[in-house]
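**Student:** From Swiss-Prot, for reference:
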type: REGION; residues: 2-331; note: region 'Terpene cyclase'
type: MOTIF; residues: 95-99; note: motif 'DDXXD 1'
type: BINDING; residues: D95; note: Mg(2+) 2 binding site
type: BINDING; residues: D95; note: Mg(2+) 1 binding site
type: MOTIF; residues: 231-239; note: motif 'NSE/DTE'
type: REGION; residues: 332-759; note: region 'Prenyltransferase'
type: REGION; residues: 347-372; note: region 'Disordered'
type: BINDING; residues: K476, R479, H508, R525; note: isopentenyl diphosphate binding site
type: MOTIF; residues: 515-519; note: motif 'DDXXD 2'
type: BINDING; residues: R524, K602, T603, Q638, N645, K655, K665; note: dimethylallyl diphosphate binding site
Amino acid sequence: MEVWEHSRPIADDTIKKTPSFTTLPIRINKQNDVADAATRRALRDWDYYLHDGLAERALISISELGNLGAFAYPEVPPERLAIVTYLTDLGILHDDGYEAMDMDQARTEHREFGALFDPHEQLPSRRGTRAAKLKKLVSQILLEAIRIDRDMGMYMFDMYNKGWLSVAGGEGKVPQFKSVEEYQAYRRDDFGIRAFWPMVEFGMAMRLSDEDKKLIEPVMEPIDKAIIWTNDYWSFDREYHESITNGSRLTNVVEVVRQIENKSIDEAKAAVRQLLVNLEQQYLERKRAIYAQNPSIPSHLRKWIEVVGITVAGTHFWASCSPRHHAWRNNSRNGLKPANHVAAPTLITPSNNLNSSKGSEEQMQDSDNGTRTQMCPANDHEVMQLNAKLSLGKQDGGHAMRAALALLSRAAEQCESLFDGMEHERARLLQSGEEKARLSWEGRSKGSQELEHSWYKPAKTALQAPIHYICSMPSKGVRSRMIEAFNYWLEVDETSLTKIRRLVDLLHNASLILDDIEDHSPKRRGRPATHTIFGHSQAINSANFMFVQAVQVARQFRNPNAVDILLEELENLYLGQSWDLDWKYKLRCPSPSEYLNMVDNKTGGLFRLLLRLMQAERKGTTEVDLDGLTVLFGRFFQIRDDYMNLRSGLYTEQKGFCEDLDEGKFSYPIVVCVANHADFRDLIDGVFRQRPTAITSGMQPLAPEIKRYVVEYLNTSGTFQHCREFLMQLESLIESEIDRIEKVTNEANPMLRLLLEKLSVKEN
């Protein structure tokens with residue numbers, strides 16, 4: 001594997017004209033123009049969606065030396081470079097806007113932004129809020145990332161969720177540090193370095209295994225420190241200035257060294273400078289040791305080890321002269337000098353890609369060697385040219401990559417709710433009624449209870465316990481995502497949306513309880529099924545009560561037809577379920593058309609219900625036909641579930657190996673195989689006759705050998721391939737429907753496309 005495919009070295013004479021002191025070679029991605037285009041696109045998109053003026057004054061990745069993305073991702077091909085640079089700048093913009101708010105406003109915006117990515121969060125998610133606009137913007141770029149590399153894109157989001165502690169833009173108190181190591185432990189999370197490397201992996205299309213990470217761990221330790229502390233070093237003057245002028249927090253390794261070693265600012269900066277040089281030398285020594293100990297080290301690991309060093313050097317070089325870190329000097333109006341009492345550096349080498357300024361340039365006295373070197377942009381006019389004519393504005397106290405990852409972590413941590421394992425809201429206790437009943441019960445003597453003729457409600461603890469349990473289970477949140485995505489077109493007010501979510505969740509969770517009982521299923525989403533904890537009778541009673549609650553919610557809608565809509569779709573749901581149970585009990589395999597009709601009523605009924613309720617509650621007058629889309633999505637969702645149950649390791653973990661076979665379920669792959677292979681009918685009949693059908697007898701799993709044989713038959717007969725091709729046809733039809741509706745409404749819907757892409761069975 002060639003190490004340097006997408007980058008070129010920076011000339012020594014260019015490096016010497018900057019205050020950069022990195023000892024490592026500096027390279028830049030050959031496609032700096034792609035990175036610049038991505039930055040400008042991020043600015044345009046931000047301005048289009050948010051209209052807050054931030055894009056006009058922001059200083060982000062563009063500089064005369066090159067784009068931050070081109071230095072941070074030197075070995076990333078153009079298509080992926082555009083994605084990661086865009087995300088980096090999007091994060092910087094979000095962080096700037098967030099930091100500019102007062103604390104109360106910032107916290108409100110942060111909560112609402114988080115609510116938009118959590119399908120079961122009950123905070124309002126109004127379309128007009130800043131968070132809602134950001135959600136749509138982020139959904140689009142995440143969709144593009146998944147389309148480029150679905151597996152790596154999803155891995156990146158998963159790692160964000162598992163390895164990143166989101167920074168809430170200044171919320172919380174920064175601890176006092178007793179050592180730089182203690183500070184580093186804090187900053188690894190605050191900075192986002194754990195999430196940055198998955199971003200690099202996505203960019204380089206290089207998935208590191210656990211064994212790979214263990215092998216390169218000695219190298220990554222100094223690299224992590226160098227990236228974080230390099231940013232701290234070059235941003236310290238600006239952050240110090242802002243802490244003096246507006247009281248912003250100062251979280252910086254220079255400040256930590258100054259405090260714990262009782263040094264002056266100049267002494268602390270000199271100490272950090274030496275620490276950075278030492279870290280780079282430590283990286284080189286450990287790199288040589290790894291190569292010596294592993295002469296046959298895989299080529300992809302050798303490339304990774306080389307690239308991370310270049311990333312340190314490149315971001316160091318960029319930060320040494322970037323307008324983001326240095327332009328504040330010329331925008332200051334209070335006369336404060338930089339913390340090191342040195343004038344802003346100026347770079348006199350004209351850029352090949354941007355117009356150079358003929359304005360005045362300042363000279364910098366280098367504190368280390370006494371030489372005078374012209375370095376970085378010195379006046380507002382130059383900065384305007386170097387940043388695509390962006391005017392100066394307030395900057396945050398963080399790092400460009402920390403800022404990028406702050407947004408991405410908040411997005412991916414909550415976007416994961418699109419995909420794997422976010423938990424349902426717990427059903428809310430009706431505390432006032434329950435407390436009243438308890439006090440009423442306890443306040444009576446035994447004799448007065450026997451003589452009392454007044455009626456009162458007992459406590460709801462027993463009734464609610466199974467409900468709380470099923471609602472606590474993790475969920476993919478597909479239906480909640482669809483409600484939010486449909487609302488881009490239907491524009492239902494938040495009050496009605498909250499009721500619709502509540503009603504749909506009640507029905508869905510009630511159906512899960514009953515399905516598990518009817519299917520004799522011992523597990524649900526990797527946990528014991530509700531009836532195995534609370535018993536069949538109590539579980540059924542609570543599920544029935546959830547239907548009562550759903551009717552109560554339906555009566556609260558403005559549209560008087562809501563209850564009728566609910567009852568009609570409940571009838572369809574029960575009709576569909578009746579045939580699913582009938583086929584199983586009588587061991588009669590349906591035809592493919594019969595099966596699809598069952599799906600349209602059972603699975604599609606819930607999708608159709610949420611759509612009809614939204615249409616009934618919408619305020620707009622423009623008619624939007626979404627009926628066909630819900631039918632297609634219901635079929636796609638159910639058939640995909642059938643397919644994955646027999647093919648996916650995740651389903652094995654959560655439900656057991658091929659649990660549909662244990663249940664005796666005539667799922668879509670079984671139905672198709674029976675329709676096309678007569679001999680399979682006898683085989684599957686014989687298999688299913690081995691399982692009990694009486695609800696009291698419980699389910700006895702089929703022998704693993706039998707299930708493996710059935711799966712192998714489905715595979716060799718081409719049934720799985722047929723199912724996958726049918727799912728891809730459904731995907732294409734859904735995409736065509738989305739295209740049609742987007743044209744009719746003139747409203748793009750990246751959230752719905754992102755949801756479909758996540759569920760896709762297409763190969764990457």
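Even glycines carry a Cβ here, placed using N, Cα and C.
Help me picture these features in the structure, burial and contacts included.
**Tutor:** Under DSSP, D95 (Mg(2+) 2 binding site) is assigned to a helix (H, G or I) in the three-state scheme.
Using a 10 Å Cβ-Cβ cutoff, D95 (Mg(2+) 2 binding site) registers 24 neighbours.
The average per-residue pLDDT of the prediction over the region 'Prenyltransferase' (332-759) is 76, rounded to a whole number.
Taking Cβ-Cβ distances under 8 Å and a sequence separation of 6 or more, the neighbours of R479 (isopentenyl diphosphate binding site) in its chain are V504, D505, H508, L606, F607, L610. Annotation note: R479 (isopentenyl diphosphate binding site) sits in a helical segment as assigned by DSSP.
Non-local neighbours of the motif 'DDXXD 2' (515-519) in the same chain are 529-531, 536, 539-540, 577, 581, 663, 665, 695, 699; each lies 6+ residues outside the stretch with a CB under 8 Å from one of its CB atoms.
According to DSSP, R524 (dimethylallyl diphosphate binding site) sits within a strand segment.
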**Student:** Measuring Cα to Cα, tell me the gap between T603 (dimethylallyl diphosphate binding site) and K476 (isopentenyl diphosphate binding site) in whole angstrom.
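**Tutor:** Here the two Cα atoms lie 15 Å apart.
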**Student:** When a 10 Å sphere is centred on the Cβ of K476 (isopentenyl diphosphate binding site), how many other Cβ atoms does it contain?
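**Tutor:** Within a 10 Å radius of the Cβ of K476 (isopentenyl diphosphate binding site) lie 19 other Cβ atoms.
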**Student:** Which secondary structure state does DSSP assign to K665 (dimethylallyl diphosphate binding site), in the simple three-class scheme?
**Tutor:** coil
**Student:** Pop the Cα-Cα gap between R525 (isopentenyl diphosphate binding site) and K602 (dimethylallyl diphosphate binding site) into the table, whole Å please.
**Tutor:** 20
**Student:** Counting across all protein chains shown, how many other Cβ atoms sit within 10 Å of the Cβ of R524 (dimethylallyl diphosphate binding site)?
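**Tutor:** Taking all protein chains shown, R524 (dimethylallyl diphosphate binding site) has 20 Cβ neighbours within 10 Å.
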**Student:** Distance check, please: Cα of R525 (isopentenyl diphosphate binding site) against Cα of D95 (Mg(2+) 2 binding site), rounded to an integer number of angstrom.
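**Tutor:** Cα to Cα, R525 (isopentenyl diphosphate binding site) and D95 (Mg(2+) 2 binding site) are separated by 36 Å.
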